[in-house]
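Scroll down for the structure; my scribbles are underneath it.
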C-alpha cells in the first residue's frame, strides 16, 4: 500500500469521527451554534466523499494485484455506506422540513422578529438545497462507478479474447512449421526416388544392350 493511500485513509477516519461527534452534539446546541455545526458537518461530508474518490484513483494507480485491489475497493464501498448511514442521513434529518420545529424549538417564537425568522428559513433552504445536491452527487457517483465497472469487465473480456487469439496463432504457427518440415521430407524422398528410378532404367538399358551385343557377336 502506498504512503499516499495510507495518508488518505488516516484523514478519512479522522474526519469521519469528527463529523460523527459534531452530529451527536448538534441537537443540544443553541440554534446559532447548531447551524454552524451543521454547515461544518456538511463540509466534512464533502471532504469524506472527495477522499474516497482520491483513494479510488490511488488504488487503481498503486495496487497492481487484482485480488488486493478488489479487496480495497470493497472497503471503499463499505466506507461510502458508512457516510450515508452515519453522516448524510442524520444530517438530513436535522435540516429537512420535518425537523424544522425541533430545530427551532428551543427558541421562544415571540422573541424572534421577522428578520431573524426569515434568516433562519433562508438558512434552512440553503441546507435543503445542499442536501439535494449531495443526493445528485451520490447518484452520479454510483452511476459512474457502475459504468467504470462495466468498462473494466469489457476490457478484461477483450484481454482474454486477445490472449486466446495469441494462443491460437502460436498453435497455427506450430502446425505450419510441422507442415513445412513434412513437405521438405517428402521432397527429399521424391528426389531420391527419382534418382533410383533413373538408375534402374539405366541398368535395364545396359542389360538390354549387353543382350543385344551378345546375340550379334
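For all residues, glycine too, the Cβ spot is worked out from N, Cα and C.
Bear in mind that the values here come from a model prediction, so they are computed numbers and not experimental data.
Between 85, 93, 97, 110, the residue that has phosphoserine written against it in Swiss-Prot is 110. Cross-referencing 149, 179 with Swiss-Prot, the residue annotated as phosphoserine turns out to be 149.
Here Swiss-Prot gives transmembrane segment for one range in the set 153-173, 195-215: that range is 195-215. Taking H, G and I as helix, E and B as strand and the rest as coil, DSSP gives the domain 't-SNARE coiled-coil homology' (124-186) the counts 63 helix, 0 strand, 0 coil. Counting only residues at least six positions away in the same chain, no Cβ atom sits under 8 Å from the Cβ of residue 149 (phosphoserine).
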